[in-house]
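J.: The annotation topological domain 'Lumenal' is assigned in Swiss-Prot to 17-588 on the grounds of sequence analysis. Summarising the annotation, Swiss-Prot assigns active site to SER181, ASP390, HIS454. The compositional bias 'Basic and acidic residues' feature in Swiss-Prot is assigned to 554-578. Sequence annotations record features per position, and here Swiss-Prot assigns transmembrane segment to 589-609. What Swiss-Prot records for 610-684 is topological domain 'Cytoplasmic'. Swiss-Prot lists 650-671 with the feature compositional bias 'Polar residues'.
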Amino acid sequence: MRFWYFSAILWVVCQALPSKKQYSVAPELLPGLSEIEDKSTIPEMYAGHMPLAQSNSDDKDEIDYFFWKFSRPDKVLNTLIIWLNGGPGCSSMDGALVENGPFRVNKDLKLVVNEGSWHTRADMLYVDQPVNTGFSVSNSKEKKYDEDLTLTTQHFMDFLESYFKVFPDDQFKDLIIAGESYSGQYVPFLAEAIQKRNAETSDDLAKYNLRGILVGNGWMDPDTQSLAYLPFALSKGLIDQNNPHFSTLLRQQEKCQDRIISRNPNEHQPFQYEECENILQSILTATRDVSADTPSNQVCMNIYSYNLRDSYPACGSNWPDEVLHVPGFFDRPGILEALNLDPSKVPQWKECNLEVYYHLKNRKAVPSVRKLPALLDSGLKVILYNGEMDLLCNERGVLDMIDKLQWGGAKGFSSKTKEYDWNYRDFETNTDHIAGNVLHDRNLTYISVHNASHMVPNDKSLYSRGVVDIYLDDIFLEELHGKDVLVTTSEKDMDDFDNSKLGVLGITDGKPSEEEELEEEFDQYVDELEEGESESGLLDDDKEDETVGATDQNDDKNKGGEDKPNENPDKEKEEQDRQRKRRKGTFKIFGITILVVLTLGSFVFYIYIRKHTNKTRAILIDPSRRQHDSQNKRVSWADDLEHGYDFETDQSQPRSGQSAPKKNGSYTRVPNTELDESFELENL
């Protein structure tokens, strides 16, 4: 009996999750960080293996997902962004160290600051998944791989359950699921699973505060994306009808179309068709430069940024250069230990695991595009952004996908779609740069990023952070050449600006803050006063002065001629508005002054009374026999009140959803030294 008792205790101890402190990462252990002069740019970090909660009865293997979290050390932010790279099978450390994380790895295998890091806007959580991606492992003797997105989704939900137990404060933050390329599949599946979990959870405090999803250059609709390759290549001049391979391309396009049209809607369909996958291969073959004087590294078009060239058959796998530094960084002595990993239990890091790709064939799951209408109809905020130079997941395919979507009572972008130009403002040089264009309709926002690749955060990091600013509504709205322009900036902290958020794109809920509500009530009060004074004739003098001033101006303009009627009623209306605002400002200052005087007077009167009044004491209770009140209390918070304990658990976190602009006048796949690790180029 005693044996079983101690065995049970041992089992419970072994199942216990590590503490938050055990996941802490010391910056001094990471090469390069000690050389950074501005220590405020170094984030607070947590990393390590997170055991997955075993909710799936068919999956008894213990799985550990590797995560790396970054947050600002100087400020508590109320938003958590979970970033996933795609592949499938590509590590999210691409995102952390090559794209939108706080650091990049230089050629000396040291960390340097990434000026466009997203962690200045929200806490960033990078997770390697599915199992056997990056540093995420299973303890089974034989390696097991996820074969369907439904299982991948369940595993990630198990990760979240464990993660929020270790980091409970994060569960109450606004949650955004983000990723790029093949993560266009992961992200909607996860969003749907979270919404389902919330619907089945009666306790509001146990729900996850999912607010939106961000997908960059997403592979969401395989059929539509495949059919967009040839039209996109033609529109960009990458190929023309005089190309000797053009007839072959047309036949390949027809095969793909016929395959899609002929499918039986009553039967389960393949996740994607081989006939459609082959179109991209045919385009690369047709555009290959085989002339003798062409350098070997310029033979093939880079599918991730079509304005660049690469060797064949790499066609982009040797790009970007920074990714080649990451394996060497993780191989440095002490790095794994600094990230709370046991070197004996993790494989050598490689960017993408092709085995994960081979196994995740999705024989049951449907493409994530079918999840989008329900997610949008639920009110979830959805942002899709695309680098315009990407061929693999090009913007033509994404826009065609949106045109087919039915949500919010309409199909695709409607006549009410708002269109904006988008500029990035560098305050250091006081210059604006064209960043792209924005389309917004209902709760869907599409952002085209100017001159950016498949990996927008890599080559346009500051622009990519603007995508987060647009979601958070930390933007300016200006008018330029008669068009509305959204402006994002280089500033680390947008709270430095008086940016009252009203939700110009409807991205945020547009709820005013308490201060804004009070100001609105005061404005209404002033308006009522003005109306009352106007009716009683109290403002006649002001009106008379305005009339006299206007008459004098007309006299000056019309000297030597007859009086003319007002030719610009708009200017007259603007002048009336300015007069009204001045009067309102006067009333507001007067009202505030009265409130301040009354408050100070009440305080002084209270002090005077307290000082000159004798203290009272209870006459019905003998003080010597009085018992402590707490002995008779039946609720715990009574003692807390008596001892002055504060019930506000986290006052430092900002309120969410208060946002509006000021008016101022997959990739997942990055290059690898091993060609066969690029899932997109498998058939090459």
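Every residue gets a Cβ built from N, Cα and C, even glycine.
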J.: Let's check the environment of ASP390 (active site): how many other CB atoms sit within 10 Å of its CB?
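T.: For ASP390 (active site), the count of other Cβ atoms within 10 Å is 28.
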J.: Could you say whether, by DSSP, SER181 (active site) belongs to a helix, a strand or a coil region?
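T.: DSSP call for SER181 (active site): coil, neither helix nor strand.
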J.: Measuring Cα to Cα, how far is SER181 (active site) from HIS454 (active site) in Å?
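T.: It is 8 Å, counting Cα to Cα.
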J.: Mean pLDDT for the topological domain 'Lumenal' (17-588), rounded to an integer?
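T.: Summing pLDDT over the topological domain 'Lumenal' (17-588) and dividing by its length gives 87.
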J.: What is the separation, in Å, between the Cα atoms of ASP390 (active site) and HIS454 (active site)?
T.: 5
J.: Counting every protein chain present, what is the number of Cβ atoms, excluding its own, within 10 Å of the Cβ of HIS454 (active site)?
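T.: That number is 31.
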